[in-house]
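One structure below.
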């Protein structure tokens with residue numbers, strides 16, 4: 001079978017730490033190979049090298065795939081203003097171009113028979129083979145199947161990428177890649193955002209495709225159903241080992257390796273004992289015989305000497321062989337992992353964990369809990385329902401805001417993430433920290449667990465991978481007897497073989513177990529009780545007696561329904577010169593107006609697909625907005641009369657817009673890395689930015705008389721003077737992906753770092769401070785200076801609005817509908833905050849921003 005991918009002696013080092021060391025592997029055509037190993041072992045690095053998006057320090061990769069190579073990354077930032085349809089179109093663009101070339105060749109050959117016999121015919125045959133191999137005739141149907149299978153059939157094609165949740169974006173990227181059907185598919189953790197049904201569909205799809213698949217995944221069910229071979233990356237030895245027979249063969253080989261190890265140790269032990277006994281016994285032997293007559297003494301002396309010399313030789317041989325055996329011992333294999341109970345009589349009966357009204361504001365809804373000795377409890381619930389918070393409270397690491405709980409016996413917790421490393425602390429020192437015994441005793445215990453080789457004991461913990469540090473946390477847990485195990489995603493970061501060992505150890509453990517896990521196989525095999533949590537709501541005041549009970553406090557939010565709002569998609573807001581709030585309806589191709597008296601008018605634009613995006617007041621008393629769908633800039637006066645302007649560069653992707661200090665309207669052109677300007681006489685100018693792929697997004701007039709914009713893909717801000725001179729100002733965090741931008745009361749620039757889950761503040765002297773938000777996964781989007789002096793922001797992935805002061809102190813306000821996706825925000829003339837929601841409404845915060 002033809003080999004499609006071959007890697008020769010790949011070596012890759014990061015920050016002086018070798019991740020891959022002279023690794024070799026090959027993948028034949030049509031193979032479905034899984035690459036497994038703990039987190040940090042180099043799996044993603046290997047896929048990047050195979051895909052050609054990273055270069056090795058040494059070695060080379062050879063790929064033979066006329067049908068192309070597709071690479072799915074765990075995390076990938078797409079331009080926030082791309083529509084879903086545009087992402088899908090880009091995925092099929094190569095096939096469309098291929099089809100177009102085939103049609104052109106067909107027309108040429110039909111007009112000229114000689115072309116069919118020459119180079120044109122050869123090219124046509126080659127391209128047709130590739131087109132058919134990639135299922136070009138089935139591309140549209142395959143795209144629809146992928147969207148349906150991954151739960152995106154109802155996703156509006158006009159929605160922008162920036163409005164999608166992390167899970168939706170991951171599924172969209174996966175559907176687009178599968179629809180493109182490259183000959184070689186490299187998938188890095190494709191199930192991270194999939195529910196069980198979508199994983200089942202993906203498994204069936206991968207089993208049915210004809211190309212080569214290389215899959216990195218911790219999903220053991222997917223590995224078992226899809227993989228025909230398994231390559232295991234050993235983080236300690238930085239080796240890559242191939243196992244045939246799929247996932248079952250991989251596990252069988254691990255078991256066989258342990259058996260061979262045990263047999264080799266037993267043989268070594270038996271041979272050592274035999275040689276020891278032989279040397280001792282032989283050395284004591286005396287040659288047998290009866291008494292000799294005087295005439296035979298000479299012969300006796302000669303024979304006796306020969307016997308003694310022979311005996312001495314055998315003793316020396318045995319001792320030499322024994323010396324060599326002892327110099328190269330075969331140690332016993334590590335014992336299977338076992339969690340040990342303390343066997344304390346007072347902890348083995350009755351209730352060991354009890355909670356009543358236990359709650360943590362905004363994180364854990366009130367609950368009652370009683371866990372008996374020996375119980376096995378699986379805690380489930382959607383993200384944000386408080387599963388990890390519950391375990392932290394039960395472990396005594398977090399104090400509840402209300403309620404009470406008791407715990408009996410010794411309780412230990414394994415967290416989702418390994419604890420941070422202390423400066424300079426070695427692996428062995430971290431294992432022994434706080435525990436009695438000598439260094440030699442700790443080393444013996446750690447070695448006996450089989451989780452680390454002895455040569456790793458002196459490695460600083462800070463230089464260990466995430467998976468190795470999680471192994472260290474597991475080693476400390478296994479080494480100490482406990483009565484109650486609290487395990488938060490215990491399969492995180494570990495290799496599948498070690499996960500199987502952990503499961504077996506849990507099955508044998510007689511104590512109490514409380515587990516939080518998303519692992520499908522662990523949940524399917526669970527033989528205990530289950531507790532399902534629901535997300536917490538903001539805390540209510542303690543209830544007084546019935547006679548004194550006041551009415552429930554009102555919600556801080558009020559909702560204003562937009563006609564056909566869910567289909568229209570309210571996106572950006574701006575306060576107009578007429579005192580009304582104007583907003584864009586991105587999916588409906590319209591602009592709305594919320595009058596001070598609450599009346600809403602909708603003004604359809606000339607192109608329903610123009611996708612009006614960001615809106616801002618202009619110096620001419622009108623509202624100006626970008627039209628991302630048809631690549632124009634629109635203007636609407638306060639009476640609803642609209643016009644539009646076309647920038648010189650086609651398909652430029654206008655996005656952000658702001659009035660400049662020169663009286664012109666400035667806008668970003670995200671798809672062509674330019675900034676445009678519309679002067680008072682209607683002339684449209686463009687200023688190229690010297691950073692390809694930077695994706696300029698939001699733009700504001702700065703306090704220094706220049707324009708500033710965010711460079712979403714360059715992790716920076718750009719400054720543009722009114723005469724077109726530009727400069728770049730990097731942000732400290734790689735992957736920050738800045739989007740929204742505003743000017744604070746102190747003249748500083750504030751931006752939302754959607755990729756890092758934080759806000760950044762740049763002062764007039766160029767200093768940048770970054771402030772992480774409480775939930776780093778909330779994906780902050782729009783930012784706006786408020787009348788209270790704070791920077792207000794929308795966290796569209798978390799369904800909340802927040803405000804941050806200049807010191808980084810945050811106050812957040814969850815929306816009534818936790819599933820809403822907040823986009824733009826604006827303050828009305830009275831100082832009340834309005835937010836545009838994907839659900840089709842405008843939310844009004846009754847406290848406004850006045851505090």
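We number each residue from 1, going along the chain as drawn.
Keep in mind that glycine also has a Cβ here, set from the backbone N, Cα and C atoms.
Any TrEMBL annotation is an automated prediction that lacks curation.
Straight from TrEMBL, the features:
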ACT_SITE  823  active site, proton acceptor
BINDING   781  substrate binding site
BINDING   821, 838  Mg(2+) binding site
COILED    88-115  coiled coil
DOMAIN    5-269  domain 'ABC transporter'
DOMAIN    343-562  domain 'ABC transporter'
REGION    533-561  region 'Disordered'
If you count the other CB atoms within 10 A of the CB of residue 821 (Mg(2+) binding site), including all protein chains displayed, you should get 24
Listed in sequence order, the residues of the same chain lying six or more positions from residue 781 (substrate binding site) whose CB sits under 8 Å from its CB are 80, 162, 739, 740, 752, 754, 793, 794, 795, 796, 822, 823
If you count the other CB atoms within 10 A of the CB of the residue listed as 'active site, proton acceptor', including all protein chains displayed, you should get 25
Restricted to the domain 'ABC transporter' (5-269), the mean pLDDT of the model is 86
One finds that other Cβ atoms within 10 Å of the Cβ of residue 838 (Mg(2+) binding site) number exactly 23
The correct three-state DSSP answer for residue 821 (Mg(2+) binding site) is coil
